Amino acid sequence: MNLYAVKAIYSFEMSRAVRTLMQSIVSPVLSTSLYFIVFGAAIGTRIAEIDGIAYGAFIVPGLIMLQLLTQSISNAAFGIYFPRFTGTIYELLSAPVSPLEIVLGFVGAAATKSIVLGLIILATAALFVDLHIAHPIWMLTFLVLTAITFSLFGFIIGIWADGFEKLQIIPLLIITPLTFLGGTFYSIDMLPPFWQKVTLFNPVVYLVSGFRWSFFGVSDVNIYASLGATLAFLLLSLLIVWRIFKTGYRLKT
Amino acid sequence: MSAIISIKNLSKTYAGGFQALKHVDLDIRRGEIFALLGPNGAGKTTLISIICGLVNPTTGSVTVDGSDIIKDYRRVRAMIGLVPQELTTDHFETVFNAVAFSRGLFGKAPNPAYIEKILRSLSLWEKKDNRIMTLSGGMKRRLMIAKALSHEPTVLFLDEPSAGVDVELRKDMWQVVRDLRAAGVTIILTTHYLEEAEEMADRVGVITRGELILVEDKAELMRKLGKKQLILQLDAALTGLPERLSGYDLELSPDGKQLTFTYDTRAGRTGITALLNDMRDAGVGFVDLDTTQSSLEDIFVDLVRSNR
Ligand SMILES: Nc1ncnc2c1ncn2[C@@H]1O[C@H](COP(=O)(O)OP(=O)(O)O)[C@@H](O)[C@H]1O
Ligand SMILES: [Mg+2]
């Protein structure tokens with residue numbers, strides 16, 4: 001194991017985050033605060049409690065998930081895409097590093113960043129609404145697993161993308177809609193029966209639901225279904241990453 | 001002498017179907033400076049990229065110090081430093097951090113003193129805290145060299161090292177290369193600047209259109225293929241060549257005071273003795289003489305022409 005390489009990649013990526021602090025921390029925190037003000041404070045007071053939880057608090061797990069998913073993906077995607085774009089990837093490819101070490105460095109850094117971000121948003125939320133977390137260990141487990149899974153997914157996008165548009169397109173066209181439709185702002189049993197069934201095909205539902213359960217002890221779907229879905233997605237991403245390195249896809253000619 | 005790099009039957013066909021390398025066999029000797037000489041598009045970068053792990057070979061194998069470049073990639077790559085043709089750097093990183101990053105990537109424990117030594121030898125120490133984007137092109141090139149040397153490689157690849165580099169920097173760079181060679185590092189450089197191969201290399205390999213057409217000691221190459229010229233300063237100006245000398249490859253300068261005789265060193269007899277005898281008989285005397293050897297450039301042009 002080339003631990004010096006893992007550390008080099010990891011620290012490089014982390015220092016990039018510090019350089020772009022505005023983009024990586026400030027802007028997600030700001031946009032989340034706006035959600036709280038609009039949905040929590042302004043509209044939320046007019047909305048009845050859901051499952052016995054004040055609306056302002058109810059949306060917290062979903063909003064954290066939303067940022068966790070989009071930021072994990074864009075962090076990791078950008079992290080690996082940028083060296084490909086500038087050409088500095090040559091150094092990575094010529095170094096005595098294994099695919100595992102490359103993934104540990106890039107995905108580890110991207111996941112760390114989004115975990116920190118998730119916790120910052122949580123702290124921000126606590127300023128606006130009353131929060132207490134029923135299952136903190138589960139909460140952290142979901143936070144970490146989701147961050148890793150979607151950083152892996154972002155890594156895949158960063159390798160697949162051959163332009164900046166493709167880098168944006170998946171988060172924008174798939175992840176954000178799925179999150180908004182995944183029960184971030186509502187409980188899925190508020191939907192008509194037909195749409196409740198359709199919604200169960202949305203993987204983000206399981207993430208949001210499980211995460212919300214760890215806060216309030218109530219969920220739309222079984223907690224183990226949530227855990228299972230998260231792990232299945234993690235496994236799928238790992239499999240794709242393994243294939244990429246096996247075939248050298250888009251990294252080597 | 002043992003080979004440090006051994007290339008066997010190496011071919012590369014790119015995805016589009018273009019064959020950039022055709023059955024290349026080559027041994028690089030330990031501690032030598034080897035120049036891979038060829039025009040643009042000959043396959044030099046492709047060859048280097050395969051050895052360094054950037055491009056997958058289509059057929060063939062390469063070993064470095066006895067280890068296969070694919071099966072034993074960790075050991076092989078830890079030995080190799082690469083300065084690529086293109087200047088690709090991370091604009092926002094500082095010079096020192098960029099070099100420290102490379103060292104870590106290649107699996108070496110941090111060693112600030114060593115990095116300082118490299119940066120000083122490349123006149124980059126004053127710039128160590130500057131961001132890379134503030135550097136000039138020449139400094140960036142030196143930074144790329146510093147990065148390649150950061151992990152103390154025993155084999156160094158320089159892909160077109162003097163492209164876009166000014167004379168001053170080139171001199172410094174060659175000094176660094178000579179010092180490395182003196183320290184036992186094997187150096188492979190590619191170039192289409194022929195003076196470069198001539199000036200630096202111990203051995204030269206000529207590559208065109210993916211084929212390695214010749215590998216030779218530089219001196220041997222020059223000796224074997226070189227045309228020589230004998231230049232005679234005449235004691236009196238001639239208005240034309242005397243009848244007697246018409247059988248020789250001679251050229252008279254416009255002022256009639258200098259006679260140039262071109263001969264082939266590969267030929268058994270150069271014809272010099274006969275020429276001098278005939279000149280004496282024709283009454284043409286000379287006050288001074290000089291010989292020049294053709295440059296690698298001439299040799300190269302000859303080679304490529306005869307290969308067509
Ligand atoms: N990734 C690639 N895909 C297709 N063709 C390539 C690729 N890289 C290089 N080539 C072609 O292979 C040939 C050799 O290129 P290269 O090795 O860069 O030559 P050199 O370094 O000697 O100038 C060129 O004709 C080039 O166009
Ligand atoms: Mg080239």
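Cβ coordinates are placed from backbone N, Cα and C, and glycine is handled just like the others.
Annotation source TrEMBL lists domain 'ABC transmembrane type-2' at A:19-248.
Away from its own ends, the transmembrane segment (A:20-43) comes close to residues 55-56, 59, 63-64, 67, 71, 75, 113, 116-117, 120-121, 124-125, 128-129, 185 of its chain (Cβ-Cβ under 8 Å, at least six residues beyond either end). Taken from TrEMBL, the feature transmembrane segment applies to A:20-43 (among others).
Taken from TrEMBL, the feature transmembrane segment covers A:55-82 (among others).
Annotation source TrEMBL lists transmembrane segment at A:102-128 (among others).
The transmembrane segment feature in TrEMBL is assigned to A:140-161 (among others). Remote same-chain residues near the transmembrane segment (A:140-161) are listed as 64-65, 68-69, 72-81, 84, 103, 106-107, 110-112, 114-115, 118-119, 167, 170, 207, 210-211, 214, 226, 230-231, 233-234, 237-238, 240-241, 244, 249-251 (criterion: CB distance under 8 Å, separation of at least six residues from the stretch ends).
What TrEMBL records for A:167-188 (among others) is transmembrane segment.
Counting residues 6+ beyond its ends, the transmembrane segment (A:223-245) has Cβ neighbours under 8 Å at 99, 102-103, 138, 142, 145-146, 148-149, 152-153, 155-156, 159, 203, 206-207, 209-211, 213, 251 in the same chain. Under the heading transmembrane segment, TrEMBL lists A:223-245 (among others).
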Query raised in the report: So what's near the transmembrane segment (A:167-188) in sequence-distant terms, Cβ-Cβ under 8 Å and 6+ beyond its ends?
Result: 39, 50-51, 58-59, 62-63, 65-66, 69-70, 73-74, 77-78, 81, 157-158, 161, 196, 199, 202-205, 207-209, 212, 220
